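This report refers to the structure that appears directly beneath it.
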Amino acid sequence: MLWRKLRILNLLYELNGNSYATNKCLSFRAAPRGATCFEVWATHGLNIYVDHTTKSKVSCHDSKWPLDRTVKVSATMDAPSNQVDDEKVRIETYVPIAKAILHITCIGKLAGDDQWTWGPDGKGAILLVNCDRDNPKAPKEDNKDARPTSIQDLEDMSRMILTTQGPDEVFANYQLTLHISKADDDKVGVFYIQRKEQLYYKHILGSGKISYHVKRNFGQVQTVFYVEGLKFPDIDFSGLVTFHASLLEPGVPETSIFTDSLVFRVAPWIMTPNTLQPVSVYVCSVDDNKDFVEHIRKLATKAGCKLIICPEEENQEDRWIQDEMEFGYTQAPHKTFPVVFDSPRNKKLKDFPFKAILGPDFGYVKRELSPDMSGSSLDSFGNLEVSPPVTVKSKEYPLGRILIGAPFPRPMSKLVKDFLKSQVVQSPIELYTDWLFVGHVDEILSFVPAPDQKGFRLLLASPRACFKLLKEKENEGHGKAKMPEGRLVLSPVASPYAFLFTKASFFPFQKCIDWNRNILKEELGLAEEDIIEIPQLFHPFLQIPRVLAYFPNMVNMIVLGKHLGIPKPFGPIIDGQCCLEKEVRRLLEPLGLSCNFIDDYGTYYLKLGDVHCGTNVRRKPFSFKWWNMRP
């Protein structure tokens, strides 16, 4: 609502004698017809009080008081008057001249626009980080471009609509401005169409620009802007960005007479657990792993997903594609697309995610360690997993929880941990993995789907289960059974590795796993029946107080729906069958899972990794929408 100043009343009051502490109530019956608001001032010797305790039906600007019978204005003096008319009250009344509506909205999840709340009944607008590259020839991601380059680029952005209704004269006399805070100018970019037929959009906010004077044509009701996110939430950014549309009264300085606001939340990066449907499998082709790649090809075919091979000229003999990157996605009501998170690892595969995966509707994000930051093997993404959805003490995690190996004495870098924590929707859990030589969570655990209400099982590597199994076989008379390579003899008398089969040998390692087991039970709300122990032995590595898997690590598997690609353990052969493979089948096949054992002994295991380390999987997003949760 806009007002015109209609009349000025100078009210003169004599307050003398002993009456100076007494209130004098001012009357506004002399206010002109049509006046709805007033402002009041007084000279320094008077105290003015406005009593407005009853809600008024009259809508006025915040700096004005409604001219209503429920409003009372009182004047008091701190001291007696020295002379007649030495104190004055001034009242200005206003009459509305026009009604104007100014409203800023967003297509998608809508608000109480000036706030953002979580949950199915939550309010707020959502913004995607425009981190894909719709033009394959572009040198960088779209959120680093100066302006939109295609219709596809615009589709990644959120439409923000400014509605202005009222007499054109009002908007000719008052300045309409769209603005953001200085703190947000590196978080968003806003574009306005200049010439639609030539796809020319002017960059109006963000990257140093914090305000824009909106040009409104005669009779124009709506103005459409396109908004892109420039950054994912992080330690220094909550993910919330507020836009303001203000109508400014001319003057020096300009005075805002009305402001409407809209709050966006930048959509987070979301990881996908093993229980989600696989879309594509990635593997590196190197000079010695042709058979391994062929096994992965057959497994991908069984699972109905695409195999993507990173050729030797791109991987330069770096086969650890799981360590280089992690697949996830980002989502708004109008669009969802996958986003690859490039690790700080930076070995020979370092360019593959950016050059080969970033593309149209496939985003890219990276956290790079600065030269003064010290990284470790825990910054590789074999050390990054996510659980399926869980409920913990009535607290729901519908997108699961992130699992990382940490916390001492060689932690994952704070840069990566801060990023993961700031996404909010998959609250991270830190496990103790420093006792492992490589130190990754995928050396001790995996998740597989299960056809029951829980929906999954946690698999844990278990020296205890392996010791129990081997002792059972020894007691059954198979103490001389050997592994195919002759590396392991079950009899503790005949074996050069006899120490491995004593409780003293596995106890320290089992203690570390049990420590993590208790953390996982507590933080994921798991019962004992939700956990399956997979037989596995570990042994010290040289003189270093850390351990390696004694045979290919079976929890380090690839999960493609019901099809599992498990490192072939080459355990003792009993009755023509590997007793370790037989035990794993006994544990997992009742869940409807297909166990496919893959020989990775020379190509991965002897190089300190296994099947999971040498593969990567992109999966379908959750059907659950992240904004419906309550973090």
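Every residue gets a Cβ built from N, Cα and C, even glycine.
Automated prediction, rather than curation, is the source of TrEMBL annotations.
If you look up TrEMBL, you'll see 28-105 marked as domain 'Protein-arginine deiminase (PAD) N-terminal'.
The average per-residue pLDDT of the prediction over the domain 'Protein-arginine deiminase (PAD) central' (114-249) is 90, rounded to a whole number. What TrEMBL records for 114-249 is domain 'Protein-arginine deiminase (PAD) central'.
Taken from TrEMBL, the feature domain 'Protein-arginine deiminase C-terminal' applies to 257-628.
Sequence annotations record features per position, and here TrEMBL assigns active site to Asp323 (among others). Non-local neighbourhood of Asp323 (active site): Ser343, Arg345, Ser380, Phe381, Gly382, Cys613, each in the same chain, at least six residues away, with C-beta under 8 Å from its C-beta.
In the three-state DSSP classification, His440 (active site) falls within coil. A simple way to gauge crowding: the CB of His440 (active site) has 25 other CB atoms within 10 angstroms, across all the protein chains here. The active site feature in TrEMBL is assigned to His440 (among others).
Per TrEMBL, active site is recorded for Asp442 (among others). Non-local neighbourhood of Asp442 (active site): Gln322, Gly382, Asn383, Glu385, Val555, Asn556, His612, Cys613, each in the same chain, at least six residues away, with C-beta under 8 Å from its C-beta.
The secondary structure of Cys613 (active site), as reduced to three states from DSSP, is coil rather than helix or strand. Annotation source TrEMBL lists active site at Cys613 (among others).
With a 10 A radius on its CB, Cys613 (active site) counts 27 other CB atoms from all the protein chains. According to DSSP, the domain 'Protein-arginine deiminase (PAD) central' (114-249) comprises 20 helix, 56 strand, 60 coil.
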